[in-house]
Amino acid sequence: MLLDEIKRMSYDELKRLAEDIRKRITEVVLKNGGHLASNLGTIELTLALYRVFDPREDAIIWDTGHQAYTHKILTGRDDLFHTIRTFGGLSGFVTRRESPLDWFGTGHAGTSIAAGLGFEKAFELLGEKRHVVVVIGDGALTSGMALEALNQLKNLNSKMKIILNDNGMSISPNVGGLAYHLSKLRTSPIYLKGKKVLKKVLEKTEIGFEVEEEMKYLRDSLKGMIQGTNFFESLGLKYFGPFDGHNIELLEKVFKRIRDYDYSSVVHVVTKKGKGFTAAEENPTKYHSASPSGKPKMLSYSELLGHTLSRVAREDKKIVAITAAMADGTGLSIFQKEHPDRFFDLGITEQTCVTFGAALGLHGMKPVVAIYSTFLQRAYDQIIHDVALQNAPVLFAIDRSGVVGEDGPTHHGLFDINYLLPVPNMKIISPSSPEEFVNSLYTVLKHLDGPVAIRYPKESFYGEVESLLENMKEIDLGWKILKRGREAAIIATGTILNEVLKIPLDVTVVNALTVKPLDTAVLKEIARDHDLIITVEEAMKIGGFGSFVAQRLQEMGWQGKIVNLGVEDLFVPHGGRKELLSMLGLDSEGLTKTVLTYIKARSREGKV
């Protein structure tokens, strides 16, 4: 295992290994897709860390999990690294299902410090002597959960070592007061001068030489520069740094010094996101998550959101857009360029984004809160308490709904229908096509008078933005019967409708644009004409759209058979969208087999 080999290597050998790993990560990610820039920035950091701490004994927790590719390579997964993010291959994130050295599964930002506290307390109660190390960066420290946990370190007498991987970025550039504070620390002329002095000292020392005085110089210099207590020290933590995150020898010495300290320490490490790959260094936001190379350029729903909002906002000055550190990912960077004064990136603060939007809406604005489905889960209380309870006019643009593919179970948007359905005042819209998406946005923004959620997939498509926007119009947000048949009625919501339309059977097909409220008039018509109704949704089946329809049919006194098709009670793995839909039985082939089975069964009962 490379984990053992690196401890015997010279620093020159480690530098060569770092470049080999950098080349390997770049080649694999450009082929498979994945988080490129973040991982290129943490290679030397990981090598130095694992020369001092051992993940077989010490709990090393990687926040968010997308910066841990080197960790995977070092911990016995080098031979499988080429399979990362492919169906049946390695996950793109840290997961306990993959290795016992992945101490805590991650995918969402800001969880590591709280998890570290939990492990530390468990070790203490069980009498186990282990270190707890947290590596947090890419903006995760700005999340509320991370700050809450930081505030508990002193209270719980923690000895945790926190490695702050500061690359000045999350997915987009960091924002907020803490980001500004860290920027001041790493750009101080005193720090830069101290860094040069330390480099010269290290060049003259033997490898085993203690660097106490030099470290003290840096620490005292930084304290003088700040003119008082810095943010971390105000919480009772010991702060060290900032240090060059690409200097293995320096980092190893620092980690050795703090390893056995009996108090919580923050080691501030400055890294270059995308280091070693020019394109990623120059545009780390674009290469935060790279798509597989060689694919033709297509238009995404996210980009379409940005273009649509930008166009509508030219006439409607009340439209504002809000995102949580994902301006590019959500397509709102397009809106930002045209309407910078009405764009708000609040960092990794989903809860704050929702409440911020609620207040804007209550005072006459039309806020659009664009957040990935999986991350909106983090603001559920705010959706209920701050938005829905007050009937605040907020449009939730829920990106990445449904099966998202290679990012896997931490990122699939399969719960949004289920957690939004029971919320009073909430309307839920699930368009089936780009045209329907644009027209739904336009219609909702024209008449926004309460909370509305529009959910849409990660899918891309061939299409012209101008053509879609030129034909933008208000539409009826009800259901439509697209095809009439005799053997059964299928009601589908969202883009999964496109799979349903491929079913080669004599069935009625209904496009359920609105998940809530249900179109009772169309539902009654379908119930009158059919004894077998099948619902299809790209979401969790339990408590979802199908359950809602079944409940309404029961209330109507309908005596037929209803079948709900969706995602069963499981966490969907990572893989290509087509592969996953096939696995779930939600592609056209799987749906055809299932529908035919129920038609035949109903026929044997003499009901069809």
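Backbone N, Cα and C atoms are what each Cβ position is placed from, and that goes for glycine too.
The thiamine diphosphate binding site annotation in Swiss-Prot covers His66, Gly107, His108, Ala109, Gly139, Ala140, Asn167, Phe277, Glu350, and the record cites sequence analysis as its basis. If you look up Swiss-Prot, you'll see Asp138, Asn167 marked as Mg(2+) binding site, on the strength of sequence analysis.
Annotated features taken from Swiss-Prot, shown on the structure.
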residue	record	CB count, 10 Å
His66	thiamine diphosphate binding site	25
His108	thiamine diphosphate binding site	21
Gly139	thiamine diphosphate binding site	28
Asn167	thiamine diphosphate binding site	25
Glu350	thiamine diphosphate binding site	27
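Following the DSSP three-state reduction, the secondary structure of Glu350 (thiamine diphosphate binding site) is helix.
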